[in-house]
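J.: Submitted below is the structure of interest, expressed as structure tokens.
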Amino acid sequence: MPQDPMDFEWSYWIEWGRERILWLLAGHLLVSQMSRLLVEKYKPWCLMVYGMAACWLLLGIKGFAVILLHAAISFAVAQFQLSLLTWLCSLILLSTLRIPAVEETKRKWYDTENEYYLLLFTVSVRCLFCTSFSLEYCWHAPSQKSSHSFPWMLAYVFYYPTFHNGPLVNFDEFSKQMKRQEAFSMKTNLSILIVGIIRIFFWWCLAELMIHLMYIHALYSSALPLESASYWALGGLALAQVLFFYVKYLILYGVPGLLLQMDGLKPPALPCCVSLMHSFTKMWRSFDVGLHRFLVRYIYVPMGGSQSSLLGTLLSTALTFAFVSYWHGGQSYLWYWGALNWLGVIVENGTKRILSISLIQDLI
């Protein structure tokens, strides 16, 4: 039975996974386990060299040079140790991905559109990693200088399991865990790997069944069946779409998450099932945990967050969603999506504050 071809993200990553990325991830696993077994002290540098080689192989020397240039510029600007300047640099680097002339130049480097998109997606995610390192550099104490060097930035930026699509791991978490030397047990790691592969295979089978039998995205791409459907049917389609999105990210984050575990790191929690969520706030906290931690640590809290005045909370929340919309592409529909999510979070938090008033609690 033919599959629904309308979900670009699923088709794209499955195709790349089968062709090269899964093989490169297997290579990373081999290098990681050998370095943990033989040269634990040099594990970050072994994985850095492997990640750089994998980047060169997939994206070519020009794609590799773009990512290296982004890292070098971010590191140079971070030397001023000014958070505002670091953010300005990050936004400028991110904006270069949307300059038509630059886009056309990069397209000419590759034979296919898929190769160009791989560079685009990779650089977008690397921008977040460069931002995380640079801000941690701005905040670090002089005694932490050795763990905030350019080689550590390269080890972080070129860490291969999270290289193309995440999940996002903040630099402070990455460096602490990567430097921690633990007793290595091949038997324990093998059991983690086998159980992880079985779980991911189950999720993949479920996703393939949904994409071959339900045709959710094909139905959404045509106005005629949507216009003739009842409200109950439309609600069912919407639920089916977000459930597929959930299963898809169990796989897209589950594979690198498993490799993080094999490397002795703690990956961000996998997405929480959308059927268990009833609020915007919980959705943002528990679906993409790595992105949520990034936004809270580097935007929401520095801008005042919930500890500031009502206006300060509104502003810090608005800036957080504005960045998310811009990072995802900045198209008009993304700004509407960000604004609606911001409104949902504000209404929920406002309602909680009202319900926490003793008089209202007595009435309830």
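Cβ coordinates come from backbone N, Cα and C, glycine included.
What TrEMBL says about a protein is an automatic prediction, not a curated fact.
Among the features that TrEMBL reports, transmembrane segment is placed at 20-39, 46-69, 75-95, 116-135, 150-169, 190-211, 231-252, 310-328.
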J.: Ranking 20-39, 46-69, 75-95, 150-169, 231-252 by the number of C-beta pairs under 8 Å to the transmembrane segment (116-135), which range is first?
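T.: Looking at each of 20-39, 46-69, 75-95, 150-169, 231-252 in turn, the most contacts to the transmembrane segment (116-135) are made by 150-169.
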J.: Verify whether three or more Cβ pairs under 8 angstroms connect the transmembrane segment (150-169) with the transmembrane segment (20-39), leaving out any pair fewer than 6 apart in sequence.
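T.: Taking Cβ pairs at least 6 residues apart, the transmembrane segment (150-169) and the transmembrane segment (20-39) are in contact, with 3 or more under 8 Å.
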J.: Are there residues at least six beyond either end of the transmembrane segment (231-252) with Cβ under 8 Å to its Cβ atoms? List them, or say none.
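T.: Distal contacts: 7, 9-10, 13, 165, 200, 203-204, 206-207, 210-211, 214, 216-217, 219-220, 270-271, 273-275, 287-288.
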